[in-house]
Amino acid sequence: MKHIQVVAAVIVKNDHVLIARRPLDKHKGGYWEFPGGKIETGESHEEALVREIAEEINIRIEAPQLFERIDFDYPEKSVSLNFFLTEAFSGEPEGLEGQAIKWVAWPELANYQFPEANQPVVKKLQNWFSEKS
Ligand SMILES: Nc1nc2c([nH]c(=O)n2[C@@H]2O[C@H](COP(=O)(O)OP(=O)(O)OP(=O)(O)O)[C@@H](O)[C@H]2O)c(=O)[nH]1
Ligand SMILES: [Mg+2]
């Protein structure tokens, strides 16, 4: 089975987190996600993350910290997801690939459908916010 390495950003501003809706023609199209994508050959995790977020969301993220790692097997591919949390960025978020983006207040996260693999990271993020407040 195909195995891919993915980086994704959990971008936090006050009590909100930025999520994006996956384009309908892609794997897990229509689901909400933490923006990001595949690591390219020769890139570090952080380089890939900064590049993907610039390409998809048009902001420059700073000081991302590893938040959660998840290995998950979908029927069609297996993914290693590396989620990095950041509260620092410059620019104004914009869905550069035509995707919807949204700042969601953390208690509302439960109302959005994420890919199956994301369940532990969403849970961890809710705990992170609730301990902070
Ligand atoms: N970006 C992102 N991908 C996720 C998440 N959860 C999850 O299962 N995935 C899966 O991880 C893979 C990431 O690929 P992607 O489609 O974002 O990759 P990419 O931006 O490089 O896209 P492209 O290669 O189609 O241009 C997809 O199979 C996607 O379904 C998530 O929260 N964020
Ligand atoms: Mg992507």
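Just so you know, glycine gets a Cβ as well, placed from its N, Cα and C.
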Of N118, N127, residue recorded by TrEMBL at the 8-oxo-dGTP site of R22, H27, E33, F34, P35, G36 = N118
Task = Ten-angstrom check, please: count other Cβ atoms within 10 Å of the Cβ of F34 (8-oxo-dGTP binding site), all chains counted.
result = 26
Key: Rounded to the nearest Å - Cα separation of F34 (8-oxo-dGTP binding site) and E56 (Mg(2+) binding site)   = 11
Spatial separation of E56 (Mg(2+) binding site) from R22 (8-oxo-dGTP binding site) - C-alpha basis, Å = 11
